[in-house]
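The domain 'Acylphosphatase-like' annotation in TrEMBL covers 5-95. Annotation source TrEMBL lists active site at R20, N38.
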Amino acid sequence: MAIVQIHFQVFGKVQRVFFRKYTHAQAEKLRLSGWVRNDPDGTVVGVAEGSAENIAAMKQWLSTVGSPKSKIERAVFTNEQQVAARQFAKFEIDRSTSD
């Protein structure tokens, strides 16, 4: 099975609304690996990798669903590529950037 990796950035009211927590739960549901974190510019950024079908589902979720209290303006996806093997063992919340 081909592994697809994407980088994402979600704009809108996406911090202080449990967006990372819900993103983590959705990624686990879709069996994705990677990470998500708050960015100092007020967005949420991350990397996700998994099957093409599950990456497509995650892109849709990040663009339109998010956490219940979030207000997504837009999601930008970059560096979409096939990788030979997963670079991350699981999906994690990176708390290195302040909430």
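If you go along the chain as it appears here, the first residue is 1 and each next one adds 1.
Here the Cβ of each residue, glycine as well, is placed from N, Cα and C on the backbone.
Curation does not apply to TrEMBL; its annotations are automatic.
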Next item on the list: Report the DSSP secondary-structure composition of the domain 'Acylphosphatase-like' (5-95) as helix, strand and coil residue counts.
Entry: 24 helix, 38 strand, 29 coil
Next item on the list: Summarise the model confidence on the domain 'Acylphosphatase-like' (5-95) as a single mean pLDDT, whole number.
Entry: 97
Notebook entry, point to check: How big is the gap, in Å, between the Cα of R20 (active site) and that of N38 (active site), rounded to a whole number?
Noted result: 8
